[in-house]
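Taken straight from Swiss-Prot:
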BINDING   G12, A13, G14, K15, G16, T17, R127, R168  ATP binding site
BINDING   T33, R38, E59, L60, V61, G85, Y86, P87, R88, Q92, R129, R140  AMP binding site
REGION    32-61  region 'NMP'
REGION    126-132  region 'LID'
Amino acid sequence: MKRHLLFLGAPGAGKGTQAELLSQTNSYLHLSTGELLRKEIDMNTILGIQVKDIMNRGELVSDELVLKIVRQNLVKDNKGWILDGYPRNLSQANSLNEVLTEINQPLEVVFYLDIPEEVLIKRLLLRGRKDDTEKTIRTRVDIYKKTTEPLIQYFKDLSLLEYIDADRDLKTISSDIKQKMA
């Protein structure tokens, strides 16, 4: 069974949900970069202080700093890990591959949760978050297409990509993922 996994997909495709389910059933470490950054801030670590300062200025946390935090969590691995929503661009993917080679934990499979854009927008609007207006959702999807979609070809070229139809019920998607992990 594969133990080093990555979930890719547009905002609202179900990456976090599927990653969390899988991490619970397999005791894998679930690494979501947003949660990792918040944890560093909450723990008031040296990296957390840097991250908080950057975020307070309204700036984006650098790829280098995010990778440092991801790396320090990957080396804690004992059973397996799942990266959720990282990397977000080709530069991050190349840097991540270097780190994974260095720590001898190569990526084994990338699950791409594929979902039609209109279904995605409807799903996000139903979440009921204040910042989830149709306009902001479309903007986020456009940014995703420009920066993250090239990763699909990148991981396909590395023979790591598995397509998952994310326009189905939770159980069916989860079952499909488990089959492709074997």
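Cβ atoms here come from the backbone N, Cα and C positions, even for glycine.
Mapped onto three states, the DSSP output places Y86 (AMP binding site) in coil.
Mapped onto three states, the DSSP output places K15 (ATP binding site) in helix. Distance from the CA of G12 (ATP binding site) to the CA of R129 (AMP binding site) is 12 Å.
The Cβ neighbour count for V61 (AMP binding site), using a 10 Å radius and every protein chain shown, is 17. The shortest Cα-Cα distance from E59 (AMP binding site) to any of the binding-site residues (K15, T17, R168) is found for K15. The binding-site residues listed here are G12, G14, G16; among them, G12 has the most other Cβ atoms within 10 Å of its own Cβ.
Largest Cα-to-Cα span within the ATP-binding set G12, A13, G14, K15, G16, T17, R127, R168: 17 Å.
Most buried of the binding-site residues K15, R88, R127, R129, R168, judged by other Cβ atoms within 10 Å, is K15. For A13 (ATP binding site) paired with R88 (AMP binding site), the C-alpha to C-alpha distance reads 15 Å. Neighbour counts of Cβ atoms within 10 Å were compared across the binding-site residues T17, T33; the minimum falls on T17. Among T33, R38, E59, L60, V61, G85, Y86, P87, R88, Q92, R129, R140, the residues given in the record as binding AMP, the maximal Cα to Cα distance rounds to 29 Å. Around Y86 (AMP binding site), the same-chain residues at least 6 positions away in sequence with a Cβ under 8 Å from its Cβ are L6, L31, S32, T33, V66, V70, Q92, L96.
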